[in-house]
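What Swiss-Prot records for this protein:
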TRANSMEM  14-34  transmembrane segment
TRANSMEM  47-67  transmembrane segment
TRANSMEM  79-99  transmembrane segment
TRANSMEM  104-124  transmembrane segment
CARBOHYD  Asn129  N-linked glycosylation site
TRANSMEM  147-167  transmembrane segment
TRANSMEM  196-216  transmembrane segment
REGION    228-267  region 'Disordered'
COMPBIAS  229-238  compositional bias 'Gly residues'
COMPBIAS  254-263  compositional bias 'Polar residues'
TRANSMEM  278-298  transmembrane segment
TRANSMEM  313-333  transmembrane segment
TRANSMEM  340-360  transmembrane segment
TRANSMEM  367-387  transmembrane segment
TRANSMEM  405-425  transmembrane segment
Amino acid sequence: MAAPTLARLVLTHLLVALFGMGSWAAINGIWVELPVVVKDLPEGWSLPSYLSVLVALGNLGLLVVTLWRRLAPGKGERAPIQVVQALSVVGTALLAPLWQHLTVMAGQVHSVAFLALTFVLALACCASNVTYLPFLSRLPPPFLRSFFLGQGLSALLPCVLALGQGVGRLECPPAPANGTPGPPLDFPERFSASAFFGALTALLVISAAAFQGLLLLLPSLVSIPTEGSGTGLRGGAPGVEEEEEEEASPLQEPPSQAAGNTPSPDPAAHRLLSARGACLLGLLATTSALTNGVLPAVQSYSSLPYGRLAYHLAVVLGSASNPLACFLAMGILCRSLAGLGGLSLLGTLFGAYLMALAILSPCPPLVGTSAGMVLVVVLWALCLGVFSYVKVATSSLLHGGGPPALLAAGVAIQVGSLLGAVTMFPPTSIYRVFQSRKDCVDPCEP
């Protein structure tokens, strides 16, 4: 087979990146739009905790994909990917007209439409973890790095939309003689949340079109069954075997214990993972619990006391730190377990300070000062950026273990996210451990 031209390779990398962009764009878009929608939805400051639980429950999508593989073994990933993309496009498109629709349940008003559609999108995004990567596992490692770059874009592009939308500003009216101020005056955003969800739908349509373009450029991928097809396109790519061997060596047992051809998906294949690989899986689960469950649940409590501007910037810049960490990992990849552990400890220290701010809400340190606002925004960006780098580096190292390692990595991510979200739901939504701060009211005055 003739070597592909440079133009074809560049186009393939672009399509792979756009394909990866659609993996978590829907949920990331909802997170960065929270500063806007939280003003109109009855859940208020508890909404991030609700969303964390819904995203964790989206792990049911993994069960659906597993059932598909049992009922249709060897059929490949094309149909599940198309279903995932269809759910993402339709769910996001329905958010545009329905996100403000409210329903009375048990005597209380809830944003049932918004939460239900978020759950559908969570199902699709969680299922993408176990459908997209197996489809691309037959490609050489450079294409997989383009895919991870695309996953970074799934956070960056919604952030760009949010920045273009503008920060929700408000003006506090002068306090009258009796000392009771009137309601705050909100300034409208440049465009509505409905328009934001419409633009997000367009991004998901582009991602789905990129997948169809991949099927046209790489027709051999469609006919290769999922089971036992680990070699795929790798054999014809110069230098790929050497690179994969280099990436696999930190995680695999000695060659005498891993002498098989391609890893099989049965449980015995997990013996390919070494003790170091198990430590990496634990690190991946821990960072996922913090970034996908614990920290998002308290982001509003830690940043909103410093103002809506601080909250919006913390959400947007925190999400934008993800693709920046991906860029860094593409150039500088930490392969040391001690180094990754040290970075995780640094991120944990940042997260502990942010958790302390949430506990001390509505009167955390430096509230009402520019220094406090800058500090909380910078710490959110650094904390999520450090954890994102650790997750990317850990996943890259685990990729060397083959399909069993990728499966274990996906399970670790989802289990960690679930545990983090479930842990934070009672203190935020049931016991009300964290206290919110009302606009234009200063509860910190002596």
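Please read every residue number as a count from 1 along the shown chain.
Glycine is no exception: its Cβ is also placed from the backbone N, Cα and C atoms.
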Whether the transmembrane segment (147-167) meets the transmembrane segment (79-99): three or more C-beta pairs under 8 angstroms: no
Stretch contact, the transmembrane segment (104-124) with the transmembrane segment (14-34), Cβ-Cβ under 8 Å, 3+ pairs: yes
Remote residues contacting the transmembrane segment (196-216) - C-beta distance under 8 A, at least 6 residues beyond either end: 11-12, 14-16, 18-19, 21-22, 25-26, 29, 33, 36, 78, 81-82, 85-86, 88-89, 92-93, 95-96, 99, 157-158, 161-162, 165, 222
Closest-packing stretch to the transmembrane segment (405-425), where packing means Cβ pairs under 8 Å, from 14-34, 278-298, 313-333, 340-360, 367-387: 278-298
Dominant neighbour of the transmembrane segment (367-387) in 79-99, 278-298, 340-360, by Cβ pairs under 8 Å: 340-360
Top partner of the transmembrane segment (47-67) among 14-34, 79-99, 278-298, 313-333 - counted as Cβ pairs under 8 Å: 278-298
